[in-house]
Amino acid sequence: MKKAVHFGAGNIGRGFVGEILAENGFSIDFIDVNEQLIEALKSRHTYDIELADQTHQHVVVDNVSGINNATDPAAVVEAIAKADVVTTAIGPNILPRIAPLIAEGLDERLKNNEAPLDVIACENMIGASQALKADVYKTLQNKEAADRFVGFPNAAVDRIVPAQNHEDILMVTVEPFHEWVVDASQMRNADLKLDGVHYVPDLEPYIERKLFTVNTGHATIAYMGYYLGYEDIKSAISDESVLAQLRAVLAQTGGLLVKKWKFSGSELETYQNEVIARFMNPDLSDAISRIARTPLRKLGYDERFIRPIRETDGLELPNDDLIDTVGMVLHYQDSGDAEAVELRKMVDGASDLNAVIEKITGLPAGPLVEKIKSAYDKYVR
Ligand SMILES: NC(=O)c1ccc[n+]([C@@H]2O[C@H](COP(=O)([O-])OP(=O)(O)OC[C@H]3O[C@@H](n4cnc5c(N)ncnc54)[C@H](O)[C@@H]3O)[C@@H](O)[C@H]2O)c1
Ligand SMILES: O=P(O)(O)OC[C@@H](O)[C@@H](O)[C@H](O)[C@H](O)CO
């Protein structure tokens, strides 16, 4: 049986990556710091995925186990040394923290194993696998062999998997839709093509279409929904003003995607409508706090709001609804989210809000920052 090592036994890790790997005949070592999850994976070796639709169909994922990387890093090194594929779905902010352990595992492997290996980061981030590679190479010893035998192909994964609250800690409810796209040009083990994964020669159009439609859209519903007092996506999107803002924002990211990547207008409209229908799924319950989590990350230079704002600006395309939404993001509060707490401290304590906006977004002083500040002011209550 082929072996997969997957970092992050959370929602998308169990709810999507695990399903595809298992369907392709892999055994999976899930790596996580959540001891309860790891214990359950180690003792049961199986878990259930439930589809959030009328069928409530169950998919069983077998041949799984777990390793706690905080308490047993040596076992992770050993697993990477023998793996046929390594994947992650752990959060972009965590990638630099697991990189040294991946480097150790690769060094151990490269001592006597020249079988090609791909390390695929399945995160909502442009260029995640290549960013992970840069972090891994900071401590990797045998870079020359890694250059020859280890690939870090960028990827995009799409499936809405909410926070879970089942009595069974491993069970995970997911939407039926799923899409996993991998950049084939960056693979070293190109013979290993997984059923259920779409391999493309250039990932950029796909990750940007996904991030600037699904994630910009999702975030728009979440931050505006929060501002209006909603707690979950379903109630927020039933508010006509939220739906109108979502459509307005997607018209602006869509304008960019059509111009930049030459998607046909009708193809993109179909894609957007499917995404909106997914947000409205009556069988899925998703908290705004999950979608709005880590707001400082989401306001980053290459993230779901600022990158399309920058690029529409450069192409002289409209972006006022995107900027308006960022005004609402700057009002977001969640005492349970460290980045949201930090955001409040930075914004509420600002003597010069423009400087804070520049710091958070990476934008230079200028008209875009001024417009974001005005959008923030518009939503002060
Ligand atoms: N949930 C979704 O709908 C979805 C869809 C597509 C992509 N993603 C992306 O997948 C990634 C994971 O998202 P998620 O929703 O599954 O989050 P999650 O919080 O459910 O899962 C993350 C897991 O990583 C573990 N973890 C955190 N720090 C760790 C560390 N230092 N070492 C080992 N494990 C650690 C956590 O314990 C948790 O089990 C994110 O990049 C997210 O953007 C999520
Ligand atoms: O995971 P994040 O924090 O980048 O974004 C939150 C959600 O928008 C995201 O997890 C979506 O559910 C997912 O990207 C759908 O494929």
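In case you wondered, yes, glycine gets a Cβ from its N, Cα and C as well.
What TrEMBL says about a protein is an automatic prediction, not a curated fact.
Copied over from TrEMBL:
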| type | residues | note |
| --- | --- | --- |
| DOMAIN | 3-195 | domain 'Mannitol dehydrogenase N-terminal' |
| BINDING | Ala4, Val5, His6, Phe7, Gly8, Ala9, Gly10, Asn11, Ile12, Gly13, Arg14, Gly15 | NAD(+) binding site |
| DOMAIN | 202-379 | domain 'Mannitol dehydrogenase C-terminal' |
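Feature map: TrEMBL annotations on the structure.
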| residue | record | contacts (Cβ under 8 Å, 6+ apart) |
| --- | --- | --- |
| Ala4 | NAD(+) binding site | Leu21, Phe26, Ser27, Ile28, Asp29, Ala83, Asp84, Val85, Val86, Thr87 |
| His6 | NAD(+) binding site | Gly13, Val17, Gly18, Leu21, Ile28, Asp29, Phe30, Ile31, Val86, Thr87, Thr88, Ala89 |
| Gly8 | NAD(+) binding site | Phe30, Ile31, Asp32, Thr88, Ala89, Ile90, Gly91, Ile94 |
| Gly10 | NAD(+) binding site | Asp32, Asn34, Ala89, Ile90 |
| Ile12 | NAD(+) binding site | Ala89, Cys122, Val157, Arg159, Val161 |
| Arg14 | NAD(+) binding site | Phe30, Tyr47, Ile49, Val61, Leu170, Val172 |
Can you see whether DSSP assigns Ile12 (NAD(+) binding site) to helix, strand or coil? helix
Got a sec? Which of Ala4, Gly8, Gly10, Ile12, the binding-site residues, have CB under 6 Å of any ligand 1 atom? Gly8, Gly10, Ile12
Residues among the binding-site residues Ala4, His6, Gly10, Ile12, Arg14 that border ligand 2 - Cβ under 6 angstroms, in sequence order: none
